[in-house]
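Notes to accompany the following structure.
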Amino acid sequence: MYNNKLKVCSGPETTGWISEQLMTGKIPVTDIFIDIDNKPDQMEVRLKPSSRSSTRTCTSSSQTEVNYVPLLKKVEDTLTMLVNATSRQNAAIEALENRLSTLESSLKPIQDMGKVISSLNRSCAEMVAKYDLLVMTTGRATSTAAAVDAYWKEHKQPPPGPALYEENALKGKIDDPNSYVPDAVQEAYKNLDSTSTLTEENFGKPYISAKDLKEIMYDHLPGFGTAFHQLVQVICKIGKDNNLLDTIHAEFQASLADGDSPQCALIQITKRVPIFQDVPPPIIHIRSRGDIPRACQKSLRPAPPSPKIDRGWVCLFKMQDGKTLGLKI
C-alpha cells in the first residue's frame with residue numbers, strides 16, 4: 001500500500017508526507033530504505049519519476065536561456081547604438097555652441113556701430129533733401145530763368161538743362177500766386193526746413209543724443225552703479241544743456257584711440273572741455289545714505305566748501321537730515 005503511494009506521489013509534498021509517516025511509525029523504515037540488490041524493481045520505480053522530472057527541468061532551463069540570449073544581444077546592440085548617437089549629438093551641440101559664441105563676439109562691434117550709422121543715416125537724409133533743391137538735369141546749360149518758367153508752364157516738367165534757383169528767389173516764386181512752380185520743387189523746398197541745422201560747421205558730425213552717448217560710455221565701463229557711471233550721467237546732462245554732446249563724444253573716442261582707459265577718458269573730458277572747468281557738481285537730494293548705490297559708498301567724502309567737477313567731484317548727495325556727502329573720483 002505504501003509503495004503504491006510512493007509510485008504516484010513525488011516532489012516536496014511526498015517528502016513531507018513520508019517524514020510524517022516515519023515519525024508516527026505508520027511506515028516501517030525498511031519500506032523506505034529498500035535494498036537495491038533484493039528489490040531492484042521498487043528502486044527503479046522510485047527513481048524513475050525523479051529522473052524524468054530532473055531531465056525535464058534541465059531541458060526547460062536550457063530552452064529558456066537559448067530563447068533569451070538573442071533578445072539580450074539585440075537590446076545590448078540597440079543601447080550601444082543609442083549611446084553612440086547621443087555622443088555624436090552632444091559633440092555637434094557643443095560645436096554649435098562654440099560657433100554661436102564666436103559669431104556673437106564677431107557681431108558685437110557691428111552692434112556698436114549701429115548707433116553711429118543711424119545718426120549718419122539721418123544726416124544723409126537731410127543732406128539729400130537740401131541738395132534736392134538743385135533741380136539739375138543733363139543737357140545744355142543755356143536756359144534762363146524766364147525760359148525755364150515758360151517751359152514748366154507748357155510742359156509741366158523741368159527743361160532738359162540745369163535750373164538753379166536761389167533759396168530766397170524760389171521762396172518768392174512759391175509765395176507768388178501768379179508764378180508756377182512744379183509740385184516736386186515745392187516738396188523739395190519744404191523738406192529744406194528739416195535741414196536748417198545742417199551747416200558747414202556741423203556737417204559730417206552726426207548728431208548724437210544724450211541717451212545714446214550715455215549707453216556708449218556705459219558699454220566701456222566695467223561694473224554697474226560706480227562713481228564713473230554717475231560721472232557719465234553728469235557729463236551727458238551738462239553736455240546736453242550746452243549742446244556739446246558731439247564734442248564730448250569726439251573727445252571720448254579720441255582718448256580711447258590714444259590708448260587711455262574709459263575712466264581716464266572721462267576724467268580728460270572734465271579737464272579739456274571748457275563747460276566743465278570751475279563748475280560745481282550737481283546736487284542730488286536723497287533720504288538717507290542707503291539710497292546711494294553700493295558701488296559708490298567707498299567714494300563718498302565730506303563735501304569741501306567749493307567743490308568743482310574738473311577737480312574730481314562728481315556730485316553732491318544732500319540727505320534729509322542736512323548732511324552732505326560728495327562723490328569723489
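Cβ from N, Cα, C; glycine included.
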Listed range which Swiss-Prot flags as coiled coil, given the options 55-83, 84-112, 142-170, 258-286: 84-112
Stretch-averaged pLDDT - the domain 'VP35 IID' (204-329): 91
For the coiled coil (84-112), distant same-chain residues with Cβ under 8 A (at least six beyond the ends): 216, 219
Neighbourhood of Ser306 (phosphoserine) by C-beta distance under 8 A, where only residues 6 or more apart in the same chain count: Pro280
Composition by DSSP (helix, strand, coil) of residues within the domain 'VP35 IID' (204-329): 65 helix, 17 strand, 44 coil
